[in-house]
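Here's what TrEMBL has on this protein:
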- 330: active site (ACT_SITE)
- 591, 760, 790, 792: Mn(2+) binding site (BINDING)
- 663, 927: substrate binding site (BINDING)
- 158-355: domain 'ATP-grasp' (DOMAIN)
- 1128-1197: domain 'Lipoyl-binding' (DOMAIN)
- 760: N6-carboxylysine (MOD_RES)
- 1163: N6-biotinyllysine (MOD_RES)
């Protein structure tokens, strides 16, 4: 940033002044003459934002700026901001490069540098560096080497303070280098004490010790940190002052002996002795105390002959006493707030003083320096406050800063694409606000931080925002315990980072293929389904109602749910029974797509059509839209939350009752659960928007059914107890499941208090004549109970059967919209509606509305081509009366057969299904019992076994797990008992359950489960806990997926399944009023060394890139393994860094919390502890090894 014109102007100005001025000074070791000599070029022996800060000051003064940089910093911004830049420390470790004094001096001499500015950190407080600069004929922009040495030596600084009459804290007389010396001091003076690096500051190598047994470990860690940061591990030990404020006074001194203070800063907001937020001036500091502290600071500076910028730091206790801590003989990180309140550029002042100008010449007399308003500095760091502020490294995928009036930003490599390395301090940007009072300054800072968008690395911004909103902070009530005593500062509003996570997902699909298994090679259609318009009532009457605060013009008409909400389940059932027409339940939202599209329809497409359904089908009995297989498929394959699906559907359809499928004691799972799990599930379902619970048991086992009924009823839902239908009541030869069996079961369910009685014909076996017999018999016995019929249209006779049910006295039948009906789905809605038009059973549904509704699903169905049942099933098939395969299972079984290589043998699978059913005792077949039969059928086909062979070889065969668990009694007891001798031969001496399985189970501890989940995942809700109670592993994997890839349910279905095409533009609506405009740009042909492939996108017109590990290509190169977060035995690196100490070996037994490894990064050391007790099975690391975050350290089993 060298500006020739500015430089020439300054040169001309300087040439007009005398080259040398002499001042005669007779005290305090100041030079007896002061020479003014302009500086033409300045080298900054530092990096990052402080280097850039000095370069900017040089540019404004017309001085050439020179940078040095390490090999690791070759892409860093500070080298680009300077007029010239030179590599130093080639081959050296990152920090040591900036500590290489001879090479820095060589760069100065070879490139006509006049002066060196040390910045802060690195060499800034090394007197040998200051001396080397002067010895080389250069000027050091800072205090004299003698002052740097004396003030950097905390012992000498204490002596000077005593001599100057400045109060001090009791401490060691000299640097301490061994843990034995540390122990001796602690035993003599007592605890607490504080260890400080004797030759550096900034919180590095600083520890407070309150227990004698912790002295040795803390001394060792502090000394090691100090040596890494400052090149010397010597420590200084002081008595620790409880509850102090940390106040520091900014000074400027010139070569003529003048010293002024620029008032004070409050640095009390600290974490582990590192400053987080600084304020100038110190709020609520009594003027008398301020005057005493500033006078003491000036007195000390004059006593030691201090020149240039420096800071005197004090601790101030609750009684108004203050104690000298140290002198920072350099510029400090927080110098910015002093500049803001005084208007004095400290860096330019440093340079001017180094040239030989005096403070009066600069206009800096004490009476002229007045503070104006309040300034706050927040250090935005790449640290994760939710994870103990561990340094976070990586690539800045997104960087957008907060700006505006009263905001100043001092940063270095803060831009999209910048690499945050583990080698240096984690400071990313300093944000400084300035306003007339503390609260206004805090408001500006709060606003600016909220404007920041930083993606790719975690930052401490959420923590800073909590600090800024704390009432004690806003009123200036601060001490160094502020952070420790406000645990609420660590309760963060979760940052969503939705856009970048979605880009990562899209990149993952483009690089590694679909993230949900596709059943066939067919691709989703490139179609955007037309959503029919929702009517809007803008009549004067409607507008008046809206004005009165009643129904909005966008709200749908009232439906049956209004009666349920107002009057309860009993009144709801009574209303249903009182209606003379046939009512319909639409299964399009659940069972229809479970049967036709492998349950893969996503919330995205369901929610699009929901408002239309609410307006046009408000007279439906219900929408079947949740539960059953949709629950785990949403988590497992669609990577979306089933609870959110229910909640969002309820928002869009407030007027139609929702019905779900509850598998009795199995809830929405495939096994038995403790009773409290089923009850809790129903409670949460009602709270989220569910109304009607169709409760069934896969074996019609009454104890399981009644448990589900009780759970649904206690939760406030409508209980619709279902009898699962099989066999044929119209065939006198089928005696196991005859008419009496069903009417007796109906009696029991009515007696148990069901509100509605359902016949659940899951395979479509209910023929028209059987329907007439069954419904008539039940209606005759129970004239007041509403009867609801569910069937599948696998045979093609579904419409005829439903019409027969209606004519026999059924109140409700299940249908699916035309384009989602037929085959293994439900009968056609349009066919039933048309068949009953003009009769006493007229449904009241408009056929034109059905047609529009159907058109949407006809188009939408093509998006799910990879799961389309017509790939393998071209029409309905009456052989279902022989094999009795449930509709929802038929297509799934077909896809499973294909995936197992049995596609050509599906006819054999169907025949085997019939044989397997008979082997198992001719059971009721519905999830999960249907899965038992299906698993056994595929097992028989795979192993070429007949039913007789299975029975003969039962003792030696390894049966599917589901078959064994069924025979053990884990899902209940079948009608007629278990098949013998098959059961005895399979189980042998295995345990058996007699009675209801869930009765044997201990109640689930939901609090413990939630705590366990919180150990691995952030932002765990009660819904997540409930999902984990039902599907522990599936939920765990879903939560990891959600954290990594965000709300993928917001993507269009084709994009979700197979990703966008290169060059394709598309939109993603995250929520109302927030839509992303995306474009897939390109994918890099070359791999990164770590196996990543770069994928380029355009988002809202700005270029974004993501790095995706190519899972196929990486097999060809060596990459350190990553720890699987879902596997607790795998211990991963919590941050990038270098292994400096391995404390265990393979075979060692470890306890939970035991130190395993010490890592070093960003000049901070971290001890990795054992996540669980166990034995070290494998080590993946060695000392000195450099690791990335989440790299596998070891396996502890």
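Cβ atoms are placed via backbone N, Cα and C, with glycine included.
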Exercise. Setting 591, 760, 790, 792 aside, what same-chain residues sit with their Cβ within 8 Å of the center of the Cβ atoms that define the Mn(2+) site, listed in sequence order?
Worked result: 587, 761, 762, 791, 814, 826, 887, 888
Exercise. In whole Å, how far is residue 790 (Mn(2+) binding site) from the residue listed as 'active site' when you measure between their Cα atoms?
Worked result: 82
For this session: Calculate the distance in Å between the alpha carbons (Cα) of residue 927 (substrate binding site) and residue 760 (Mn(2+) binding site), and round it to a whole number.
Result: 12
Exercise. What's the CA to CA span in angstrom from residue 760 (Mn(2+) binding site) over to residue 663 (substrate binding site)?
Worked result: 12
Problem set entry | Neighbouring C-beta atoms (10 Å sphere around the C-beta of residue 792 (Mn(2+) binding site)) | 32
Problem set entry | Number of helical, extended and coil residues in the domain 'Lipoyl-binding' (1128-1197), per DSSP | 0 helix, 38 strand, 32 coil
Seminar exercise, completed: One should report the C-alpha separation between residue 663 (substrate binding site) and residue 790 (Mn(2+) binding site), rounded to whole angstrom, as 15
Exercise. For the domain 'ATP-grasp' (158-355), what is the mean per-residue pLDDT, to the nearest integer?
Worked result: 92
Seminar exercise, completed: If you rank the recorded positions 330, 663, 760, 790 by how many other Cβ atoms lie within 10 Å of their Cβ, the lowest count goes to 760
Seminar exercise, completed: In chain order, residues whose C-beta lies under 8 angstroms from the C-beta of residue 591 (Mn(2+) binding site), counting only those at least six residues away in the same chain, are 624, 628, 661, 790, 814, 816, 825, 826, 887, 888
Problem set entry | residue 927 (substrate binding site): tally of other CB atoms within 10 A of its CB | 25
